[in-house]
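This report concerns only the one structure given below.
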Amino acid sequence: MKLLMLAFVFLLALATCKGDEFVCEENEPFTCNQTKLFNSGNFEKGFIFGVASSAYQVEGGRGRGLNVWDSFTHRFPEKGGADLGNGDTTCDSYTLWQKDIDVMDELNSTGYRFSIAWSRLLPKGKRSRGVNPGAIKYYNGLIDGLVAKNMTPFVTLFHWDLPQTLQDEYNGFLNKTIVDDFKDYADLCFELFGDRVKNWITINQLYTVPTRGYALGTDAPGRCSPKIDVRCPGGNSSTEPYIVAHNQLLAHAAAVDVYRTKYKDDQKGMIGPVMITRWFLPFDHSQESKDATERAKIFFHGWFMGPLTEGKYPDIMREYVGDRLPEFSETEAALVKGSYDFLGLNYYVTQYAQNNQTIVPSDVHTALMDSRTTLTSKNATGHAPGPPFNAASYYYPKGIYYVMDYFKTTYGDPLIYVTENGFSTPGDEDFEKATADYKRIDYLCSHLCFLSKVIKEKNVNVKGYFAWSLGDNYEFCNGFTVRFGLSYVDFANITGDRDLKASGKWFQKFINVTDEDSTNQDLLRSSVSSKNRDRKSLADA
């Protein structure tokens with residue numbers, strides 16, 4: 001009988017190993033954490049599996065000029081996080097970058113997405129005012145270290161840390177002067193590092209700075225209408241987000257044009273922006289909610305993808321926003337249209353959308369209201385789409401499937417890299433609890449499972465996946481109250497060891513599973529049950 005049972009288990013494992021037969025679960029309990037059954041072998045050869053970070057969140061402030069997040073978190077420390085945290089020191093990757101590479105090597109990572117700090121390379125914001133040789137040395141060391149370990153660098157030029165001097169001089173992205181300054185900064189980066197960096201990202205999450213930085217005032221530079229937040233030093237939540245978004249697109253396109261004109265033929269690299277994505281589900285079965293869901297997709301994704309693919313904003317945005325939405329000149333439209341070789345897509349959560357036609361007074365109106373939708377974490381029956389992501393939202397692993405398919409079918413089958421996907425845990429947990437982050441394994445493996453599935457079923461052109469994040473770091477607006485890392489950072493002793501969490505050990509095995517790995521891993525906590533495979537998704541409830 002024992003031999004018969006062993007034979008049955010072996011046959012079950014053998015069948016489940018086949019990528020096209022592995023079942024992806026939409027909700028707990030998850031079984032995808034078994035690296036013997038689901039691993040990098042479910043993806044094509046050469047698929048990049050990496051981790052990600054950004055300069056302000058990991059480098060620390062040593063050796064660079066001030067940026068808008070420095071000023072923002074010091075002027076409004078409570079907005080930097082409930083713990084009043086900021087990026088003054090954080091992980092000190094500026095001096096401890098070799099530790100980062102060692103952790104990535106331990107993870108078996110084949111790629112690393114990081115950003116260059118504009119105010120580190122150009123402390124006074126402009127190339128004409130001087131280049132910092134210390135920054136060149138630092139980034140050369142990091143890039144060379146990655147290449148030596150056969151890790152592919154993906155380098156972001158702007159991850160929200162605008163030099164403060166440019167914000168002071170002309171209000172940063174509110175002014176078209178930013179286009180030339182960003183172009184010059186990008187040109188310098190291509191010149192200095194482009195012989196080794198073959199994957200450039202212009203701007204991280206085009207949606208975020210206009211909305212959180214200029215509509216809500218929750219992010220740097222913290223502008224908004226007075227009645228949205230009395231602490232905002234100035235702003236107009238109805239108009240400024242559209243101006244900033246417009247200038248971001250022009251700056252992005254100018255950088256892409258410089259790369260294609262001066263460097264691409266010799267350096268043989270690629271360049272594109274990063275989009276923050278979400279999947280949206282109807283709040284209920286009404287046509288109004290279904291229509292609101294489509295509007296949410298357009299105002300969230302199409303706001304930027306419309307210009308990038310067609311050289312103009314979506315018609316419904318023009319109808320709803322009116323003259324608050326800027327126009328592209330013919331020359332600008334031609335420059336913006338098609339200004340990407342690939343798209344980086346960040347994906348974390350799914351929301352429900354319901355119709356909201358309420359007209360509010362102009363002094364409390366924000367650009368986020370223009371889609372005439374209300375976004376919620378639960379639907380009309382009180383159901384969430386999946387397990388908790390944080391105190392206010394939930395995740396839905398199949399959402400990544402739908403997002404990838406949506407971008408393929410809506411925006412012309414682009415080359416895609418998943419440039420962020422990750423899960424937070426409380427920042428106040430002790431070492432033992434923080435490193436036993438099994439819920440992060442569930443999050444990562446369930447999303448990777450649906451990513452593999454959509455690539456196979458829909459032939460979506462995805463070539464890489466970067467987990468957020470390499471290690472614990474400063475989290476925008478949350479300080480150190482949350483941890484996203486696959487490795488543990490002790491912020492009371494940042495020079496200490498960077499220990500892999502359970503999620504890091506899982507990712508390590510996922511990337512490079514070996515025959516020596518036990519089938520009955522200690523990570524295998526979820527049972528394989530037909531009941532779980534057959535149960536209805538909460539997203540459909």
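Cβ atoms here come from the backbone N, Cα and C positions, even for glycine.
Features as listed in Swiss-Prot:
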type	residues	note
DISULFID	Cys24-Cys449	disulfide bond
DISULFID	Cys32-Cys445	disulfide bond
CARBOHYD	Asn33	N-linked glycosylation site
BINDING	Gln57, His159, Asn204, Gln205, Tyr348, Glu420, Trp468, Glu475, Phe476, Phe484	beta-D-glucoside binding site
CARBOHYD	Asn108	N-linked glycosylation site
CARBOHYD	Asn175	N-linked glycosylation site
DISULFID	Cys224-Cys232	disulfide bond
CARBOHYD	Asn236	N-linked glycosylation site
CARBOHYD	Asn356	N-linked glycosylation site
CARBOHYD	Asn379	N-linked glycosylation site
ACT_SITE	Glu420	active site, nucleophile
CARBOHYD	Asn493	N-linked glycosylation site
CARBOHYD	Asn512	N-linked glycosylation site
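When the recorded positions Gln57, Asn175, Asn379, Asn493, Asn512 are compared by the number of other CB atoms within 10 angstroms of each CB, Asn493 has the fewest. Secondary structure from DSSP puts Cys224 (disulfide bond) in coil. For Asn108 (N-linked glycosylation site), the same-chain residues that are 6 or more apart in sequence and have a Cβ closer than 8 Å to its Cβ are Phe49, Phe507, Gln508, Ile511, Asn512. A separation of roughly 23 Å, to the nearest angstrom, links the Cα atoms of Cys232 (disulfide bond) and Asn204 (beta-D-glucoside binding site).
Cα-Cα distances to Tyr348 (beta-D-glucoside binding site) place Glu420 within 10 Å, out of the recorded positions Asn33, Cys224, Asn236, Glu420, Cys449. For Cys449 (disulfide bond), the Cβ neighbour count at a 10 Å cut-off comes to 26, with all displayed protein chains included. You'll find the Cα of Phe476 (beta-D-glucoside binding site) roughly 31 Å from the Cα of Cys24 (disulfide bond). Of all the recorded positions in the list Asn33, Cys224, Asn379, Glu420, Trp468, the shortest Cα-Cα distance to Cys445 (disulfide bond) is found for Asn33. If you compare every pair of Cα atoms in Gln57, His159, Asn204, Gln205, Tyr348, Glu420, Trp468, Glu475, Phe476, Phe484, the residues listed for beta-D-glucoside, the longest distance is 18 angstrom. With Glu420 (active site, nucleophile) as the anchor, the candidate recorded positions are Gln57, Asn175, Asn356, Asn493, and the one with the nearest CA is Gln57. Comparing Cys32 (disulfide bond) with Cys224 (disulfide bond), their Cα atoms are 43 Å apart once rounded. Using a 10 Å radius centred on the Cβ of Asn204 (beta-D-glucoside binding site) and all shown protein chains, the other Cβ atoms total 25. Taking the disulfide-bonded residues Cys24, Cys224, Cys232 in turn and counting surrounding C-beta atoms within 10 angstroms, the largest count is reached at Cys224. Annotated pair Asn175 (N-linked glycosylation site) and Asn204 (beta-D-glucoside binding site), C-alpha to C-alpha distance, rounded: 19 Å. Counting in whole angstrom, Cys449 (disulfide bond) lies 10 from Asn33 (N-linked glycosylation site) by their C-alpha atoms.
Within 10 Å of Cys224 (disulfide bond), counting CA to CA, the binding-site residues Gln57, Asn204, Trp468 contribute nothing.
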